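Just below is one structure, and these are the notes that go with it.
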């Protein structure tokens, strides 16, 4: 049986994430102490809300250094929504805030308009398609292994991750033509801007692949 540990730090929809992993009979542990992090086989950092609040939650529980150590261990790591954003170096959401620095880059506002110059709704909410990126690696050996191009997943966000190295962008989505990082990857670490646990069969397939790493 595969096992996964989900960080419980007061910011995130833990139950829906846990249920998605339990769908595949995974053993799920909700992590509330630093010691549990390094003993995990796979680690998931969920999150909704503001970047600053998320980092404060991790700091309060003394999770920062154990997360960094886990990420360097080579074991599978997945950040979801805010969790993905916190993987980066910093965020400009309501000020300047330091992130985990697992992947170099910054979190910036989703553009307020499409490529045609027309304003669109912020936050970006709803189903959007996954597209390959020009410099990212092939999906065949990643958590997107069985995902057809242009599969739709569910987004809810006002900010987006911008890795410094475009090769870390595994998949994008286009919001009125504006490219947004949908999946990022650096060796054993993955981040999904969308919610796989809310993305139907496509999201479940991604979760299943993560359990098989």
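Even glycines carry a Cβ here, placed using N, Cα and C.
Database features (Swiss-Prot):
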- 81: active site, nucleophile (ACT_SITE)
- 195: active site (ACT_SITE)
- 197: active site (ACT_SITE)
- 3-213: domain 'Glutamine amidotransferase type-1' (DOMAIN)
Subject >> Averaged pLDDT score, the domain 'Glutamine amidotransferase type-1' (3-213) >> reply: 96
**OP:** Provide the number of Cβ atoms within 10 Å of the Cβ of residue 197 (active site), excluding the reference atom itself.
**Re:** 25
Original post:
Reported as an integer number of Å, what is the Cα distance between residue 195 (active site) and residue 81 (active site, nucleophile)?
Top reply: 6
Original post:
Which of the listed active-site residues (81, 195) has the least company, meaning the fewest other Cβ atoms within 10 Å of its Cβ?
Top reply: 195
